[in-house]
């Protein structure tokens, strides 16, 4: 049972992660010259979509975000602020990317551990952790009419899968929740930041396209 | 408990709404020069998709439309008729848009009240009402390979959210179901029709695109 | 109760079907010059997506593929092999299409019978069978940024619906499971292969596009 302080901290971290994901969603809407409503919806699906997919697949319905109004207010606020201040937010892109890596590392761990709680085995649970981290961005890109950016060489999903796998494996070793979460979080965040700094890419197909 | 007459009327209204939504789905297929099967599928997802998303998220599975064959026959018929008579249906676009507003107003109210029935709070329930109204059209547009029209300045989702919110708030005030539904329905329909007549648009981002 | 030999055979057939579907997903990724991760994800959603949609809609969560690691390993392997050997796999396109028809015939039957098991009526169950067969390919195409190929005149979904319908109807006639499955399987496979050989197409709209 986590202490009350830890629980509060987890909710705050969760809301921060949702906020940053939501900002990336609203930025895509503004850049596609979509309207205020699209900015809010893309903020919402980016911030909450990964968790929704996970919860629907593991049978944890209604998703937590539909049972707690704060989880709806945060993306709405992020969408509105981004829509209004988008030139400034756009200039802060590097900061947004940094926080986005933080959100990814957080969600892959919390998503995987929730799947374990619902009785999934290690491999599916790690997969659900990755889905929690990347799902929102994939829905965002599909709704905005573009191929998901995570499919085009960006090293984004692999760190999420790795972080989720580390959390799942350590969780079975009967370590404290904090150690489990920190190890998974650190794995994902470290790998993602290294990929950003060094420009690492996922392997591309050999040879010309359209073979 | 609604009277048998009211229940019958609600089912009829529901089927009419599904029919009109389905026609818009089939029209998109025909205009993209897709085949008969695509027309039927796009009819089906447009007519039933919003309710499917709501039911999956609130845990009301299988969705009602999978438990009553009339809910499947209506979109199939709408898709087939539209496919065969599409030049005529295309000329009736203004009539289709009018009935579509009627379907939107109906679904945002029934969707929100169903979410309340399943224990959701006011804010998530209003959101589920909006999702019921707009979800089918969003799936239609994604499957047809275009950015959802509701993201491009058309004032469509905001009236649905407003109508759903009115219904949810009045429902807590212990009014009769008919008053609750009528107020929510009227709010959405009135706003949507005014937006159509006056050419109201959702706010667009300031400044040039791609900032 | 199926015999142990039959059960084993069914799992093997299922995995073979998932493997071939997954190969088509990974081929789309390679042809769009997407990265290794995209190839694996598109393999996974193509192989498992139809079953996921069915399971979520009929309330059978978590889906079977999340409870048995073999169901995750098969698409991952298919994606990786296709990514590495894609020039060879691309030349085998006709073989892939043949096996894909086999997978379609298998999934429409197993999907429909599972829906019947979960209490759906004949029409919705047949529809769920079709969705099991075609759903993965539709998600694949949407994620890859193209209009689903089954919408553009290819005769693919109709055989799946027919095979599912045959299985559902015969299942109500109290025949042995093997007869039921074989009849549905044969209906779908025969129709699909005939369509391939003879170049049959689904009906297209009359008149010019964009009327």
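Cβ coordinates are placed from backbone N, Cα and C, and glycine is handled just like the others.
Taken from TrEMBL as is:
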{"type": "DOMAIN", "residues": "B:12-86", "note": "domain 'Glycine transporter'"}
{"type": "DOMAIN", "residues": "B:98-171", "note": "domain 'Glycine transporter'"}
{"type": "TRANSMEM", "residues": "B:6-29", "note": "transmembrane segment"}
{"type": "TRANSMEM", "residues": "B:36-57", "note": "transmembrane segment"}
{"type": "TRANSMEM", "residues": "B:69-88", "note": "transmembrane segment"}
{"type": "TRANSMEM", "residues": "B:95-113", "note": "transmembrane segment"}
{"type": "TRANSMEM", "residues": "B:125-143", "note": "transmembrane segment"}
{"type": "TRANSMEM", "residues": "B:150-170", "note": "transmembrane segment"}
{"type": "TRANSMEM", "residues": "B:176-197", "note": "transmembrane segment"}
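Contact check: the transmembrane segment (B:6-29) against the transmembrane segment (B:95-113) gives at least three Cβ pairs closer than 8 Å, residues 6 or more apart, which meets the contact criterion. Counted as Cβ pairs under 8 Å, contacts with the transmembrane segment (B:36-57) are highest for B:125-143 among B:69-88, B:95-113, B:125-143, B:150-170. Counting C-beta pairs under 8 angstroms (sequence separation of 6 or more), the transmembrane segment (B:95-113) fails to reach the transmembrane segment (B:69-88), with fewer than 3 such pairs.
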